[in-house]
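Notes follow once the structure below has been shown.
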Amino acid sequence: MEQQEIATSAAGISKSVAVIACTAMAVFYVAILYFPTLILRLPPPSSFKSFLIRRFICAAVSSIVSLVACSLILPIRRWDASHLFGVYGIRLDHIWQALVFPLSLTSLMYTGSFVLKFLLALSTCSEHWNNGGILSVVFIKGILQKFICWILSMASNISSWRNYFVAPLTEELVFRSCMIPLLLCGGFSTYTVIFLCPVFFSLAHLNHLLEFYLQKNCSFLKACTVVGFQLGYTVIFGWYASFLFVRTGHLVAPLAAHIFCNFMGLPVIFSRRSGLLVSLAFIAGVIGFFWLLFRLTTPQSFNSATDNCKCWHRSTPYPPTQSLSPLSYATYIEKLTRVKDDNILLLSRL
């Protein structure tokens, strides 16, 4: 018991402080969305665009407040920008690995979706050729024009900005960049953090229950069913996003996966039009996903050096030239709580 108390004090913050801080950030992330109307007594937005812009501002304020609060709570060593941002996984080094590897891994879960889209495109081309069309410059130019129009339509759509930029960025900043360092420094084990973080993430989606029940006039049972399903895949994705952040030490990794999943929606498991082909592709993708899960997220591939927070990085028996990932930091800290008293006491002097 005495060892645990010493280890906790060495870690900088207690588990209760870490949990309370994470809960407060989750509640604040949702509560501030209603701040303009309920507290400031501003008139209701005149349009859906104004409504979303107001929410964008609230989400940005929530993210900034969470980052500032987290910086005050965490035992930060150095306050220069590069080291401070590094604690939150905001880094430029190895950014291509942090983008390409997790994105490739995530795309494996959508193998069935890709196969279905390919079959639909093939069917469209077959119809074109059967109707006397040819693969001409005009045909290819028409496809490119449609693609450009689609890009411009997405860029001008306020809902697209919410789904593919503001919501993923602010959620990953608050629920991954801020909460994971807090929980690790609170003394939680790495895998406890991975499975605990989505609990706070799901709290931020409970407001959808009231929105479905009150604003969309759904029955309470239907609202609970819809929101319960949302919470289910939200928790599952939260596990995966937390895993990516801990393994890579990069905010880009879970952010790219979040945007990609928002864009793709739920994976296609079965299609009547294509028979078992899509299902077999989905199963193959799932097998490939789990086979590559640890291989594509090996911490050494990202050469993480997030050592500004003294809970994540101590003097260790590793060679000085070897950079450790957040997973290595957390694993080493976890081991230190099980060794002799003199080793634990040494932590308080580092």
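Residue numbering: from 1, along the chain as shown.
The backbone N, Cα and C atoms fix where each Cβ goes, and this holds for glycine too.
What you see is a predicted model, and the numbers here were worked out from it, not measured in a lab.
Copied over from TrEMBL, here are the features:
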- 17-40: transmembrane segment (TRANSMEM)
- 52-74: transmembrane segment (TRANSMEM)
- 94-120: transmembrane segment (TRANSMEM)
- 132-153: transmembrane segment (TRANSMEM)
- 161-264: domain 'CAAX prenyl protease 2/Lysostaphin resistance protein A-like' (DOMAIN)
- 173-203: transmembrane segment (TRANSMEM)
- 223-245: transmembrane segment (TRANSMEM)
- 251-269: transmembrane segment (TRANSMEM)
- 276-294: transmembrane segment (TRANSMEM)
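Contacts between the transmembrane segment (251-269) and the transmembrane segment (94-120): present, as 3 or more C-beta pairs lie under 8 angstroms, all at sequence separation of six or more. In the predicted structure, the domain 'CAAX prenyl protease 2/Lysostaphin resistance protein A-like' (161-264) carries a mean pLDDT of 87. Note on the transmembrane segment (276-294): residues 105, 108-112, 114-116, 119, 267-270 of its chain, located 6 or more positions outside it, place their CB under 8 angstroms from a CB of the stretch. For the transmembrane segment (223-245), the residues of the chain that approach it from at least six positions outside its boundaries are 89, 102, 106, 172, 175-177, 180, 193-195, 197-199, 201-202, 205-206, 208-209, 212-213, 251, 253-254, 257-258, 261, 266, 297, 326, judged by C-beta separation under 8 angstroms. Through the fold, the transmembrane segment (52-74) approaches residues 12-13, 17, 21, 25, 28-29, 32-33, 35-36, 45, 84, 87-88, 158-159, 161-162, 166-167, 169-170, 173-174, 177-178, 181-182, 185, 309, 311 of its own chain, all at least 6 residues removed from its boundaries and within a Cβ separation under 8 Å. Residues 240, 244, 248, 250, 252-254, 256-257, 260-261, 264, 267-269, 271, 273-274, 277-279, 281-282, 284-286, 288-289, 292-293, 296-297, 301-304 of the same chain, all 6+ positions outside the transmembrane segment (94-120), place their C-beta atoms under 8 angstroms from a C-beta of that stretch. Sorting each residue of the domain 'CAAX prenyl protease 2/Lysostaphin resistance protein A-like' (161-264) by its DSSP state yields 90 helix, 0 strand, 14 coil.
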